[in-house]
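Reviewing the structure listed below.
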Amino acid sequence: MAAKLAVLTVLGLLGSVSCQAGYGGYGYGGGNPTPPPPTYPPTPSPPAAGLRVGYYDDKCPGAEAIVREAVRGADAGIKAGLVRLFFHDCFVRGCDASVLLKPTDANPQPEMLGIPNLSLRGFEVIDAAKEALEAACPGVVSCADVLAFAGRDASYFLSGYAINFTVPAGRYDGNVSLASETLPNLPPPFADVPRLKAMFAAKGLDTVDMVALSGAHSIGRSHCSSFIRDRLPPSNTSDMDPTFASKLQANCSSPAGTDNTVAQDYKTPDKLDNQYYQNVLDHKVLFASDAALLKSNETLPLVYAAVISPKLWQYKFGESMVKMGGVEVKTAANGEIRKVCGFVNKPYSG
């Protein structure tokens, strides 16, 4: 009886969510108590201005396949890093590969040296894909598009091929990268829902996008330093499951201490799936920003929806990745196609 009551409560929550993004949203609209059956393949959202699916079909045939093969050979940790790399790029100056620019005498503090970016991974996969693309089609495929394709492909492989979406392309690469812009733009692990909403809204992403993309916390690892102060004892504000907290405390107290890393999803750490949302409900998540999703009447129903309908979450995750990929896109007027992803063409062009 208790289980039946819980199911009815969840369905009631689902019916109360407004439809924020058409079918792709987690809300079902109209007070409908049950989700509509998914229709596959789903209709994609309109791409950002200047971007289109199949952009390289005539410019560099096989470009997307080259990137996918580079991603295929990476291990699960690097694939998770590629999803994060794409997110961190798009949230600072838009999706322009500015996160890939390396330190130079002219710019000794690029984005990759910003505090939130010091643990980024996957740069070597992007470089390998770009090198192969330059051999096949010199000066044609932007590093920004390589990042977008790699984020999509990593999601595809990590989800067991369940998350599969098309990526509009045509981005140009930016030539400005500043470490000082990372902290103001990247959501911190201690953020509450109002702050998360504001930071996502600043990039044109809504609450549904924010909750959907939070599902990327079902892959990858985190340094203990990202959560130990506000989530583990002696914190008296954390609502983390006590047994889970004890295990984390043990892992984070071993010789390496706060430099230790732990899986972001203790149950399916190498699979991009909806287990993260069950972990949120079970109070077994690392970050305060994860736990905060239970504390808002806007986000709580979306968490339940993701648990109940994995296919709908998979679709929405892909849709939100595409939407994020349209943030502040550069064009030929304010960007370039880099020859090497780590450096702007000037003064490196021959």
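Glycine is treated like the rest: Cβ placed from N, Cα and C.
The signal peptide annotation in TrEMBL covers 1-19.
The domain 'Plant heme peroxidase family profile' annotation in TrEMBL covers 50-345.
Annotated site 'Transition state stabilizer' per TrEMBL: R84, in sequence order. A 10 Å cutoff on Cβ-Cβ distances gives R84 (site 'Transition state stabilizer') a total of 20 other Cβ atoms nearby, all chains included.
Taking the Cβ of H88 (active site, proton acceptor) as centre and 10 Å as the limit, one finds 21 other Cβ atoms among all the protein chains shown. Sequence annotations record features per position, and here TrEMBL assigns active site, proton acceptor to H88.
Residues or ranges marked as Ca(2+) 1 binding site by TrEMBL: D89, V92, G94, D96, S98, E111. The local packing around E111 (Ca(2+) 1 binding site), expressed as other Cβ atoms within 10 Å of its Cβ over all shown chains, amounts to 28.
Sequence annotations record features per position, and here TrEMBL assigns substrate binding site to P187. Taking all protein chains in view, 20 other C-beta atoms sit within 10 angstroms of the C-beta of P187 (substrate binding site).
Proximity of H217 (heme b binding site) to non-local residues of its own chain (separation of 6 or more, Cβ distance below 8 Å) is seen for Q264, D265, Y276, V285, L286, F287, D290, given in sequence order. Per TrEMBL, the feature heme b binding site maps to H217.
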R84, H88, P187 filtered to the recorded positions whose C-alpha is within 10 Å of G94 (Ca(2+) 1 binding site): H88
Fewest other C-beta atoms within 10 angstroms, as judged across D89, S98, which are the binding-site residues: S98
Fewest-neighbour residue among binding-site residues, criterion Cβ within 10 Å, set V92, G94, D96: G94
Remaining residues near the recorded Ca(2+) 1 site, that is with C-beta within 8 Å of the centroid of the site residues D89, V92, G94, D96, S98, E111: H88, C90, F91, R93, C95, A97, V99, G174, S177
